[in-house]
Amino acid sequence: MFTLRIIILIVPLKYDLCYCECARAEYKIDKQCCPMFLCAAYDTSTTCVPCPQLTFIDEPNGLVECFPCTVCDADRGLRLSEVCTRSSDTVCGPLERFYCIEKQKGSCTLAVQHSECNPGQYIKQAGTGSTDTVCADCTADTYSNGSFSSCLPHTKCEAMGLAETNLGTHSSDSECGNPPTAVAIIASSVIVTLILITVVSVLIFKHIRKKKLSKSSGNSKGKNKVYHRKKYTRQLFSLYT
Ligand SMILES: *[C@@H]1O[C@H](CO)[C@@H](O)[C@H](O)[C@H]1NC(C)=O
């Protein structure tokens, strides 16, 4: 009973062997050639069983169990690149915008995110799956916010007939605004004139008052003179405070 079952199992395997393009000591499975070292050591192939789902064996061995397929861990910056077969482990690659910093047998085992360029720098070389971003500083009259692939020249406000309201830096463009209009110029000169007139009239008024006071103190005589002078000083003082 037992032997019968084994024979049934072997027949399709042998059938496969006849049609494969693999070497003599190999067998074809999942479009790949697998070595038959273990199998060849025995008269019958009963000990050779394809690895179960999510396990693999990628080299000649004497193991009675297959290895579990690697799972690409997003926490290590990894994503699936090639699925696991019975004869090859999963191949992991870096996530989008990550690059690989640790590799094992052609599969990435740890990846980190690409660096970002600072404002004032441009992306000289974009990061790849295996290299980080390369940044470079802006020079002269150019700017970049850190995400440009080259520094852009500052906007020339004067060439557009505008006034420069904010000077450009290496991280920001210059800002242009409308030059002062005729109306604004007239309005501001009117205001300045009004202020000047007010100041001048106040001064004149004070001067007249001062003259009046000194006249009245000059006419007084004797004891009163002292009193008036005191009063005048007090008034003069209050004028300036
Ligand atoms: C830089 O400017 C571009 C286009 O103006 C914008 O899409 C991007 O979000 C900016 N990047 C940063 C880091 O500010």
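Any Cβ shown, glycine's included, is placed from N, Cα and C.
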Cysteine from C34, C66, C69 that TrEMBL links to C51 by a disulfide bond: C66
CB contacts for C51 (disulfide bond) [other CB atoms within 10 A, all chains]: 21
